[in-house]
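The compositional bias 'Low complexity' annotation in TrEMBL covers 1-13. Per TrEMBL, the feature region 'Disordered' maps to 1-34. What TrEMBL lists as domain 'PHD-type' is 61-111. Under the heading domain 'SET', TrEMBL lists 230-367.
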Amino acid sequence: MAPLAPSTAASSPELRRKRTAAAPPPRSPPEPRRFCSISDVMRRARPVDAPPPLARARHVMALCEACGAGDRDEELLLCDICDRGRHTFCLRPILPAVPLGSWLCPDCAPTSIIRFPLKQSKIVDFFRIEKGAEGGAVRPAKCGLSQDAKRRKRRSLVMHKKKRRLLPFVPTEDRVRRLEQMASAATALTSSKMEFSNELTYVPSMAPMSANQAKLEEGGMQVLTKEDKETIELCRSMLKRGECPPLLVVFDSHEGFTVQADAYIKDLTFLTEYTGDVDYLKNRENDGCDSIMTLLSPADPSQKLVICPDKRGNIARFINGINNHTPDGKKKQNVKCVRYDIDGECHVLLVACRDIARGEKLYYDYNGHEYAYPTHHFV
């Protein structure tokens, strides 16, 4: 016997909805509309001859707070807090490019200068000075050179020109003053959120050490002589003992952190090596760091190496550049930047190019051989 089909009335969805649907709630009376009085409208209204609101006018014409001009808007930065403008070249220190992300003007940016404590134990740990060597007496640098001079062969002054050699820096004899010099450098590094490093560093995500080959330099690179290499090794050993060059890092309201001589420095004195993370230039084309240094310029542009002292570096990070487009700017230069082939690797050395008096600020030419850095507006 076949099963009975369900009844049409029981399976109708319309009938089911009629049986299960709840009754609609009663409508509540609408709330009475509230109107403002004419006195409130007139009180809130803006006069016809009133200037436009600032929120609408500030985007029409933004002016630089430093020079008062509104041109070159592609280099005009607007503060994310006060909306006031500053040209990248009107800032001190100058920004080489428009930074990525948010930007705060000097008035709104929090002051982040952290004075490093003048304690020997903390300075020894920060600069990784050899334990037990920081209290030793300063060894005169000329002693090692005098022994080399005795072994030097005599040459005819008529036939040969006397070769100019690099001189090692002479540390300050006063230990307390040396601590003040190192504390000033530590203050600049910590305020810039940098770690101290007196060597080139190679990070796995950047260029490897094998990429730094001086033989790849287009046109060749000058090889550091044996005598000059001994001078560099002597200075490195002094740094490990806590005997630093007589340099002081000071903060200038116009130039930011800058380096000045804390004693008389002779011409051709080796001051420091330019250190930092080694990376390919192609990875740093949009970088906001203002101190990128060329390390290797091979024929293949994709293999060009630069030094980036944004996370690691030393006192070389704070030596300022000159305006090499004006005669007065060129007169300030007292340091030269030279790239050398040292044991097959490229290194950048900063050397005094003339006698430097105590208290004189150190300047070198950022565009020593490329003329690509925008120094038109340098102080």
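Including glycine, each Cβ sits where the backbone N, Cα and C put it.
Keep in mind that TrEMBL annotations are predicted by a computer and have not been checked by a curator.
These numbers come from a predicted model, not from an experiment.
DSSP assignment over the domain 'PHD-type' (61-111) gives 3 helix, 7 strand, 41 coil. Taking H, G and I as helix, E and B as strand and the rest as coil, DSSP gives the domain 'SET' (230-367) the counts 26 helix, 55 strand, 57 coil. The predicted model assigns the domain 'SET' (230-367) a mean pLDDT of 90.
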